[in-house]
Amino acid sequence: MDQRQRQEYWRKNLRLMASLLAVWAIVSFGAGILFVEPLNNVVVAGFPLGFWFAQQGSILVFVALIAIYVVRMDKLDAEYGIDEYEQEVHHS
Amino acid sequence: MSDIQLWTLIFAIVTFSIYIYIAYASRVGTTSGFYVAGGGIPAPANGAAIAADWMSAASFISLAGIVAFANNGYAGSVYLMGWTGGYVLLALLLAPYLRKFGKYTIPDFVGDRYNESARMVAVVAAIVVSFVYVAGQMAGVGLVFQRFLGVGTTTGVVIGMAIVFFYAVLGGMKGITWTQVAQYTVLIIAYLIPAVAVSTKVTGVPLPQVGFGQILEELDGLQADLGLSAYSGAFTQVNMLNMVLITAALMFGTAGLPHVIVRFYTAKSVRAARYSALWALFFIALLYTTAPSVAAFSKLQIIQDLQGTALSDVPGWFNTWADVGLITQADGSPISELAASTTLNYTDVAINNDIIVLASPEIGGLPAPIVGLVAAGALAAALSTASGLLLVISSSVANDVYYKKVNPQATEARQLMVGRIAMGAAILVAGYLGINPPGFVAQVVALAFGLAAASFFPVLVLGIFWKGCTAMGATAGMVTGLVVTMAYMLWTIDIYGNSEGIFGIAETGFGTIGMLINFAVTIIVSQFTPKPSPVMQELVEEIRFPGRSTLVAKHAEGELEV
């Protein structure tokens, strides 16, 4: 990667991270805490929705967010020709 | 010996033999094997090991009880969201970059990225956090042995110590990793079987996460009849500010915990580190979405079993736990003081949080082998976390203090020996703390997250994302964050000051404020102190890109002057 490609790669990575973290904040702090009371007026399959987000929904979304991240990063790496994931070194 | 004791003994012997066999098969002879399992663990296995490492006796034994009893349902969500949400931060902000840096411990990263005084602050913080935690694990092992096998707590802890000693000292990180994979398997099976059985029995839906919804209205109704606030009602016990702060402290604390972070160094590559985080959260979510269901089912069943029942007619599980003093009258006096004809009121009985999961098979009327399996699961959860923590302690002492400070010329064999001795000593201290738990341990475990958030998270994130972050900035930030947070905790915690605090902020949530202070101090001090060397800045830039890199490789081999 040359300098310009590096900047592009890093910017795309940061943008992906920012959008995933926005969703992370919206489901946990938003749906699970700040807006829990209005959401609790909606009941789905026995669950008041705000309560569901706080106890189940946010956890499921967290798993989905990391899944999207690893797949998109694989694609990004491929786009910039990073295909060598050799065992990286350790030493101190 | 009762059926339950017999089955517990059988499951304990079978699972312990498996752990010891695995450890023997994966014994190591190199420091890299001892500290980071050679860095060659495939992502799904590494994920299972992170899950076992992370899910402690507290997650397995106490989580459902805390959600159901200590917090009236909704308020317990801080633990559910906080402890899982931290993995999103780990996966996106830390894991790939720390793996690329390729070190053995957190203090190693801090020391290399910043300087030697920052390394020492990190060593102290890592050791304190880990010891506080490990004491709780050892006490958990004692509790399980005492309840299920009728041996004394001390004997239970000593057996636990002997097992951990064998596989951690012999196999180091490599032995621990593969043992943890087995331990995860045992603990998740033990957790899911009773949950599925109870959900099927009560609602006809085998998936506890779905069956959960069917009983919420009934549970809210029962609580209303008892004069309690609704199980699913928001902000009945904790206000919105504290919900936000505590959840955040647990999230950022999780992302700063040394024994979790070190696991990303054991991944094969940057890509494997990313996938490890995914597998880890997936494996954790299996338990963390089940726990609130177990909480709700148990509470429903317990209220139905007890409310208006004469003491002479209560189900067997009640007497079992009343006998060991984990169910008492609301004021703490023993149940045995009551006449057999007394009619119970749910609100007159105090039920210890720790018994819900251990008692859930009995409460649900499941057979003895399943009770034994749950006991084995609880032991697996406690032992796996204990071994991960002990490794952090021994590698911090052997690598960051002995090798980096005392004797940089030490041969590999000697470093390995020091690592094993440190591990042995740490196990002895942990065992002592498990047998004689200092009164503050239970309080401090929850606080450890706040401390981890206030000390490690900012310097790790800034170290990766901001090339201009300086050594003096990071050291000042860590020290201020740690000191301010500790001072606030000591000031407000029950056993010391028990003050209302500022704006009523709970001590468990203050880590979030400490972390913000740490960020601010680090950034401000970095403006006025000497910038990192150009080579270091280039190195930080380099770890942002996966794949082959001569600069990072040279640095890892120690051939680079920065």
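For all residues, glycine too, the Cβ spot is worked out from N, Cα and C.
All TrEMBL annotations are machine predictions without curation.
Taken from TrEMBL, the feature transmembrane segment covers B:6-24, B:76-98, B:118-136, B:148-169, B:181-200, B:243-265, B:277-297, B:370-395, B:416-435, B:441-466, B:473-491, B:503-526.
By the count of Cβ pairs under 8 Å, the stretch nearest in packing to the transmembrane segment (B:181-200) among B:277-297, B:370-395, B:416-435, B:503-526 is B:370-395. Packing against the transmembrane segment (B:6-24) from elsewhere in the chain are residues 148-149, 163, 166-168, 170-171, 175-176, 178-179, 182-183, 186, 368-369, 371-373, 375-376, 379-380, 383: each is 6 or more residues past its ends and has a CB under 8 Å from a CB in it. Remark: the transmembrane segment (B:277-297) makes no contact with the transmembrane segment (B:503-526), by the rule of 3 or more CB pairs under 8 A. Between the transmembrane segment (B:118-136) and the stretches B:76-98, B:243-265, B:441-466, B:473-491, Cβ pairs under 8 Å are most numerous for B:441-466. Counting residues 6+ beyond its ends, the transmembrane segment (B:441-466) has Cβ neighbours under 8 Å at 58, 82, 89, 93-94, 97-98, 106, 109-110, 113-114, 118, 121-122, 125, 128-129, 132-133, 135-136, 139, 248-258, 261, 433, 473-474, 477-478, 481-482, 484-486, 489, 493-495, 507-512, 514-515, 517-519, 522-523, 526, 540, 543-544 in the same chain.
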